[in-house]
Amino acid sequence: GDILDDYLRTDGIWLLTRNKQFYRTNNEKECAEKCDAERSFTCRAFLFTRKKLQCLTLAENAKMTVMFNSTDSVLYEKKIYLLQCKRGIGKDYRGMEAKTRRGIPCQKWAEKTPHNPNYTPEKHPNKGLEENYCRNPDEDENGPWCYTTDPTTRYDYCNIPEWECMHCNGEDYRGEVSRTESGLKCQRWDAQEPHMHGFTQKHFPEKDLKMNYCRNPDGDLRPWCFTTSPTKRWEYCNIPHCTTHLPVSAVGSQCLSGKGEEYRGTIAITESGNACQRWNTQYPHRHGWIPDRYPCRGLEENYCRNPDGEKRPWCYTINSSIRWEYCAIPHCDGTEQGTAGMSMDVPMQVPLTEECYRGKGQSYHGTTSITVSGKKCQAWNSMFPHRHEKTPDRFPNADLRDNYCRNPDGDNSPWCFTTDPSVTWEYCNLKRCDDHTQE
């Protein structure tokens, strides 16, 4: 194919860069050949000016330096250096991930401490062994790796998502598919037309909400996007599952670390002594956490788990009058599980008998956060488990605090989104105030 197919083109852009070489070429293709043949540094991009027919090969791309507007210049960036994912085993991965799957910073390939490396830039100049970026110079079937800065661990693998395929439910998908499974074009994440939404790079900086690429920022079944069709708000994308397995970290798997999302122990009883309901059953409580739908959440047997980002592991109970409860899981650091710091979490409020609402409840500012069926409310500034537009930013006068019941849209009475994936919203367990009772 065309040599320029390996580059991403952007018109009217200039990069501020120190490491560069000047050439005189007749066109962009000749400039691309100069970039490919560059030996004084790793050429990640080039600038071409039409009037002067000037070619600048660059060691940096737009991810690494400052951009300026320049009407006469065209920027071409090598796509391989823009990718944050890998193809196959990642032998050509040239991204900038520089820590292991356990979060340990990588050692620079050119350094000899704390580990004396077998693979160095001098011995393997074509393997991309720059800085301390994860690479796969020996074509390891487990993917990119690096020497670590931990003296007790010589090397470890890195968590690099695969190109155009997904692990689990696709939370790690970073490919460039931008059409839905029915063929509709995706709406850009930074656009609010034709569909308004709360999924922005500002609110979800770790979810890679770039361009109009399919993503799964809210832990849904698989990647999706808002569509450019006014009649279809959103739709799933057709992303195949990866053939290789994601490296699994065993850190904290049998004890509580953080919120316990990685807990894979066998405790199956709640903190009040209720036995847990099996995840693959719908009795006595119907729910949406079906193991086949969420293959990487560890929903085995009736073990306590945290598939939805709660404050700690929990389970549905076999007690028909108690839908779910938290579990008592020992901390990995040996401390007792307590209630310290829970005030910072989304509150779980029991409805107060004296609380009530007037009219349609648009003036209600109480702290009830339980629905009519006993479900806990989802926080208004959260997009999990249900994505929505009713955010505090969009309804600044509706007092959308925490997960308290409110009526921002003039419904019949106060309501909320629920934390049950199978039930989007419900009215709240509130009564209308008696006209003769003071509010």
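Easy rule for this one: first residue shown is 1, then count along the chain.
Keep in mind that glycine also has a Cβ here, set from the backbone N, Cα and C atoms.
Candidates considered were C315, C327, C332, C356. The record in TrEMBL pairs C433 in a disulfide bond with C356.
C225 is paired in TrEMBL with C186, the candidate among C186, C255, C276 named as its disulfide partner. Around C186 (disulfide bond), a 10 Å sphere centred on its CB holds 22 further CB atoms from the protein chains shown. Among the disulfide-bonded residues C327, C356, C405, C428, the ones whose Cα sits within 10 Å of the Cα of C416 (disulfide bond) are C405, C428. When the Cα atoms are compared, C225 (disulfide bond) and C405 (disulfide bond) turn out to be 28 Å apart.
Here C332 (disulfide bond) is positioned 34 angstrom away from C165 (disulfide bond), judged by their C-alpha atoms.
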